[in-house]
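> This is the structure I have questions about; it appears just below.
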């Protein structure tokens, strides 16, 4: 990240504020003061957390927590790249929070709070900022997380939003990508392929009569309730953002082994199964579902002797998990279907 001379938290002396606009685009009427919009839009997002210092200072002060590790993750999204430019901004806000929460879930970390950065396109109106803040507030209450600070700027480019999330994990118990061993089972939460199909539905390329797949794409469900079961049973994990095949391969690479994915055992929703039933080639259809991404499920390595106990613990947390493959000697990722080896035509999304 490039160095910045700007303050790391939103506060009353920032030059660029939540409602900042170019002078040429400013309305004739005087805009609200910085105190007004910080108090009205941003301060409520702190939910009274003393760490945020009411957004009156240049930094947040985070107390240490003996016996715990601080887990930090960051995601950024750009209009026209990660979401449609015309997407409702409360939806954008909620997806930003949920993708970060999914990263913490993969580490079995308890979410604590977040720092926010927004690059508003020049000329953005007050209503846009209000809608964005509403989405943050809704999910802040839903997931019990608070805004701790951040920054806003005005840009000549598209809307850019970024969040840095903090979470706690008992010392030494953070689940990493490395840790899988040959013989471990590959297991995944929820269902696979709905996020990708939801994106296609948003483009009008697939039918989504009840809107279930579109909801999965726009508002993923981070598996934050799975952390206790993971701490006991998971040896390595990742969240499924780039695609099940790609993210499984990340675990294998970090762990120094190979992962084999059984395409026949992919857990599918009724909508995904209906789509698959219409495909002329089952294997290619399953590869598409396993490489599409945006599922935000948890894929993990579990000792074979722990697999059943993990299922039970996950079910108690309200999450279904399925066994979909195994780790073996070697490197990389491979797939098979009905006992026959398959070479995937793609694994998932690549980051530039």
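Glycine is no exception: its Cβ is also placed from the backbone N, Cα and C atoms.
Quick paste from Swiss-Prot:
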BINDING   58, 73, 103  Mg(2+) 4 binding site
BINDING   58, 103, 239  Mg(2+) 3 binding site
BINDING   75, 151  Mg(2+) 1 binding site
BINDING   75, 103  Mg(2+) 2 binding site
BINDING   82, 294, 349  substrate binding site
BINDING   150, 151, 177, 241  ATP binding site
BINDING   242  Mg(2+) 5 binding site
> I need the least crowded one of these binding-site residues (58, 75, 151, 294), counting other C-beta atoms within 10 angstroms of each C-beta.
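Output over binding-site residues 58, 75, 151, 294: least Cβ neighbours within 10 Å is 58.
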> Can you tell me whether DSSP puts residue 73 (Mg(2+) 4 binding site) in helix, strand or coil?
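Note: residue 73 (Mg(2+) 4 binding site) is in a strand by DSSP.
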> Residue 239 (Mg(2+) 3 binding site) to residue 73 (Mg(2+) 4 binding site): how many Å between their Cα atoms?
12
> Given the binding-site residues 103, 239, 242, which one is most crowded in terms of C-beta atoms within 10 angstroms?
239
> Measuring Cα to Cα across 150, 151, 177, 241, which the record gives as the ATP binders, how far apart are the two most distant ones in Å?
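Taking every pair among 150, 151, 177, 241, the longest Cα gap is 31 Å.
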> DSSP on residue 239 (Mg(2+) 3 binding site), three-state: which is it?
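Once the DSSP labels are grouped into three classes, residue 239 (Mg(2+) 3 binding site) ends up as strand.
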> Of 75, 82, 150, 242, 294, which is closest to residue 58 (Mg(2+) 4 binding site) if I measure between C-alpha atoms? They're all binding-site residues.
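Minimum Cα distance from residue 58 (Mg(2+) 4 binding site) across 75, 82, 150, 242, 294 lands on 150.
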> With Cβ-Cβ distance below 8 Å and at least 6 positions apart along the chain, what are the contacts of residue 73 (Mg(2+) 4 binding site)? List them in sequence order.
100, 103, 104, 107, 164, 165, 167
> Please classify the secondary structure at residue 151 (Mg(2+) 1 binding site) using three-state DSSP.
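Going by the DSSP assignment, residue 151 (Mg(2+) 1 binding site) falls within a strand, counted as strand.
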> Can you tell me the three-state DSSP label for residue 103 (Mg(2+) 4 binding site)?
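Once the DSSP labels are grouped into three classes, residue 103 (Mg(2+) 4 binding site) ends up as helix.
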> C-alpha of residue 151 (Mg(2+) 1 binding site) to C-alpha of residue 82 (substrate binding site): distance in Å?
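Between the Cα atoms of residue 151 (Mg(2+) 1 binding site) and residue 82 (substrate binding site), the distance comes to 21 Å.
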> Measuring Cα to Cα, tell me the gap between residue 82 (substrate binding site) and residue 177 (ATP binding site) in whole angstrom.
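With the alpha carbons as reference points, the distance is 24 Å.
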> To see if you understand the setup: which same-chain residues, six or more apart in sequence, place their Cβ under 8 Å from that of residue 177 (ATP binding site)?
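Within the chain, residue 177 (ATP binding site) has Cβ neighbours under 8 Å at 236, 237, 238, 250, 251, 253, 254, 255.
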